Amino acid sequence: MATLKRNYSRLLWDSDKSTNLPLFVDKALKLLNLKQVYYEVEHSVMSRVSCTACKAGAGLLQHYIKLGKSKEEINKMIYQFCVSLNIQSARVCEGITRLFGSEVVYVLKRITIGPNEICSFVIGDACGDVYNPYHEWEVAFPPVPKPVVRTVDSPIEKAPTFKVLQISDTHFDPYYAEGANAECNEPLCCRASNGPALTPGGGAGRWGDYRKCDTPKRTIDHMLKHIADTHPDIDYILWTGDLPPHDVWNQTKEENLKVLQETVVQMSDMFPGVPIFPALGNHESSPVNSFPPPYISSSESNIAWLYNELDAQWRRWLPAGVSHTVRRGAFYSVLVRPGFRIISLNMNYCNNKNWWLLLNSTDPATELQWLIYELQSAEFSGEKVHIIGHIPPGHSDCLKVWSRNYYAIINRYESTITAQFFGHTHFDEFEVFYDPNDLGRATSIAYVGPSVSPYYDLNLGYRIYYVDGDHDATTRLVVDHETWIMNLKDANLFGYPIWYKLYSARSAYQMQALRPQDWDKFIDDMTSKEDVFNLYFKHYWKNSPRRGSCDGECRKRLVCDARSGRSHDRRALCGHIEARIDCHRACAADMARLAIQWPVCFIVLVYSKYER
């Protein structure tokens with residue numbers, strides 16, 4: 001690490017010996033831990049280390065921009081930085097610079113905020129809550145009083161239901177090669193371009209691989225055929241995005257459109273006549289995470305190349321009337337049947353890795369204001385609504401200001417919105433929403449479906465939901481859900497995949513129903529009962545043999561994730577939960593100290609109940 005820092009320092013000074021760098025950049029070098037930064041960026045779990053690296057990088061780029069360096073000179077510096085510090089291989093560094101460098105420089109040239117504001121905006125609460133008037137905004141609600149909230153009863157047992165499939169994060173890799181090097185030390189392996197395996201057991205498996213590898217075509221084909229054979233009674237499909245692979249340094253618009261076109265044909269052929277409601281992932285664009293809002297009109301930078309193709313491909317399932325909003329912002333609203341609507345959101349307008357939002361994050365494409373209009377119309381018409389999207393609104397990848405506004409919308413229309421569905425994390429999880437004025441009252445539930453891709457250390461999976469169906473007292477709530485998986489280790493060992501039901505939520509978690517208050521109680525159970533949390537942790541990882549142990553900090557993070565429908569606000573949403581977990585751990589770890597600690601535990605536990 002010391003050598004890397006010396007190389008970094010030499011790179012900076014050699015590039016322009018006559019110029020003094022900002023002091024904070026030099027100071028940041030002393031604190032830089034590149035391995036930790038890389039891990040945190042990859043897992044979207046940020047700390048002060050990533051904050052420091054962000055400030056140093058943003059400050060350095062802004063410094064060279066102020067010096068009048070050309071785009072080509074700055075891109076060359078970024079490439080040298082990447083190679084010199086051995087952040088990635090030379091070809092990955094070259095591809096990243098080519099795809100991302102010009103866009104980042106374009107944005108940084110046009111903003112007036114500094115590294116503190118930039119990194120607080122991009123990273124969130126791990127980088128301080130820096131006030132930034134350029135990125136403070138609120139949506140406007142119509143002057144219509146919120147209806148009186150009525151207690152939601154459990155759905156009627158044995159009432160008719162819809163059977164709904166959710167497929168997410170397929171990350172189909174057309175260049176996956178069985179036996180190729182799966183230990184390539186790049187963001188994506190298991191391709192012929194990675195060369196043959198260098199060690200025994202280092203080759204890519206036939207049906208996929210737990211290492212940094214995406215999904216081969218044969219595996220997706222097998223999964224879809226299994227679903228069609230096992231679940232012939234599916235009523236409709238939620239397809240929540242991320243179709244291309246993780247070769248983010250090597251992608252083109254043409255390649256990503258080809259993946260989109262091929263997978264749309266594949267889904268249509270395998271599920272003829274079944275309605276499919278898609279949502280846009282963050283990997284569909286090239287470069288990844290790049291979704292300029294409509295005000296970016298230059299032909300070189302706008303996103304029309306993708307949105308126009310989405311409209312053309314999705315039109316086989318969606319009515320012609322949604323074409324306008326799909327082409328404008330890749331979102332839409334569809335009346336599935338009288339009294340029941342599905343709204344698909346483009347969550348890339350909350351994506352903090354979407355650098356275009358630094359120019360102006362105020363409700364990009366007026367998507368949230370449009371959502372309010374749709375929900376108000378649904379409320380007037382007595383409709384129930386399901387919302388689908390890709391990035392969960394409470395995830396750290398979602399901008400704090402966008403998430404805060406979305407949270408307010410969910411609270412206002414809690415009687416209309418009966419479920420939300422997202423993907424992106426690759427794990428099997430959920431997020432509960434609460435009344436902002438009473439954080440003890442759960443108002444909504446967002447289901448986060450598992451990924452098809454094993455990327456990485458995961459088994460492959462999909463979800464089946466049972467939604468309260470057509471009858472006079474229907475709630476349109478999710479009555480139950482099942483996660484189905486394929487054990488990748490066994491599939492590669494025995495040469496044939498077997499898909500099986502890992503669990504059903506109500507049975508496994510002994511829940512009366514799947515209302516928001518039922519999931520809130522389940523969070524309480526995970527907080528206080530280790531066996532309940534361990535079962536959730538097993539399902540969270542889709543029963544992967546590669547999952548590690550989960551210590552106290554890990555447990556606090558996962559339970560807090562479940563309680564956080566609002567991003568970058570863990571202190572408000574999870575403080576009491578973390579205190580209770582610490583208390584239970586302390587009391588269970590050493591019974592000899594119980595005589596001293598039990599009064600403290602008792603006070604914390606009782607206070608947390610009243611606080612909520």
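Cβ atoms are placed via backbone N, Cα and C, with glycine included.
All annotation found in TrEMBL is predicted automatically rather than curated by experts.
Across the domain 'Saposin B-type' (47-131), the prediction's mean pLDDT works out to 88. The domain 'Saposin B-type' annotation in TrEMBL covers 47-131.
Annotation comment: TrEMBL describes Cys51-Cys127 (among others) as disulfide bond. Here the Cβ of Cys127 (disulfide bond) has 24 other Cβ atoms within 10 Å, regardless of which shown protein chain they belong to.
The feature disulfide bond is assigned by TrEMBL to Cys54-Cys119 (among others). Cβ-based neighbour count (10 Å, all protein chains) for Cys119 (disulfide bond) stands at 26.
Residues or ranges marked as disulfide bond by TrEMBL: Cys82-Cys93 (among others). Taking all protein chains in view, 18 other C-beta atoms sit within 10 angstroms of the C-beta of Cys82 (disulfide bond).
Annotation comment: TrEMBL describes Asp169, His171, Asp242, His426 as Zn(2+) 1 binding site. Summarising the environment of His426 (Zn(2+) 1 binding site), the number of other Cβ atoms within 10 Å of its Cβ, over all protein chains shown, is 24.
Long-range neighbours of Cys189 (disulfide bond) (same chain, six or more residues apart, CB within less than 8 Å of its CB): Ala180, Asn181, Ala182, Glu183, Ala204, Asp209, Arg211, Lys212, Cys213. TrEMBL lists Cys184-Cys189 (among others) with the feature disulfide bond.
The number of other CB atoms found within 10 A of the CB of Cys213 (disulfide bond), across every protein chain shown, is 28. As annotated by TrEMBL, disulfide bond applies to Cys190-Cys213 (among others).
Counting every protein chain shown, 21 other Cβ atoms lie within 10 Å of the Cβ of Asn282 (Zn(2+) 2 binding site). Under the heading Zn(2+) 2 binding site, TrEMBL lists Asp242, Asn282, His390, His424.
Among the features that TrEMBL reports, disulfide bond is placed at Cys350-Cys398 (among others). Cβ environment of Cys350 (disulfide bond): Ile391, Pro393, Asp397, Cys398, Leu399, Trp402, Ser403, Tyr406 lie under 8 Å away, each six or more residues apart in the same chain.
What TrEMBL lists as disulfide bond is Cys550-Cys554 (among others).
Taking Cβ-Cβ distances under 8 Å and a sequence gap of 6 or more within the same chain, the neighbours of Cys574 (disulfide bond) are Lys556, Val559, Cys560, Arg563, Ser564. Taken from TrEMBL, the feature disulfide bond covers Cys560-Cys574 (among others).
Assigned with DSSP, the residues of the domain 'Saposin B-type' (47-131) fall into helix, strand and coil as follows: 65 helix, 0 strand, 20 coil. Looking at Cys51, Cys554, the disulfide-bonded residues in this record, the fewest other C-beta atoms within 10 angstroms of the C-beta turn up around Cys554.
Those same-chain residues not listed among Asp242, Asn282, His390, His424 yet with C-beta within 8 angstroms of the centroid of the Zn(2+) 2 site C-beta atoms are Ser168, Asp169, Thr240, Gly241, Leu280, Gly281, His283, Met347, Asn348, Ile391, Gly423. Nearest neighbour of Asp242 (Zn(2+) 1 binding site) by Cα distance, taken over the recorded positions Cys54, Cys93, Cys119, Cys127, His390: His390. Closest by Cα distance to Asp169 (Zn(2+) 1 binding site), from the recorded positions Cys119, His390, Cys550, is His390. In this structure, the CA atom of Cys119 (disulfide bond) is 23 Å away from the CA atom of His390 (Zn(2+) 2 binding site). Around the Cβ of Cys93 (disulfide bond), the same chain contributes Tyr79, Cys82, Val83, Ile87, Trp249, each under 8 angstroms and 6 or more positions distant in sequence.
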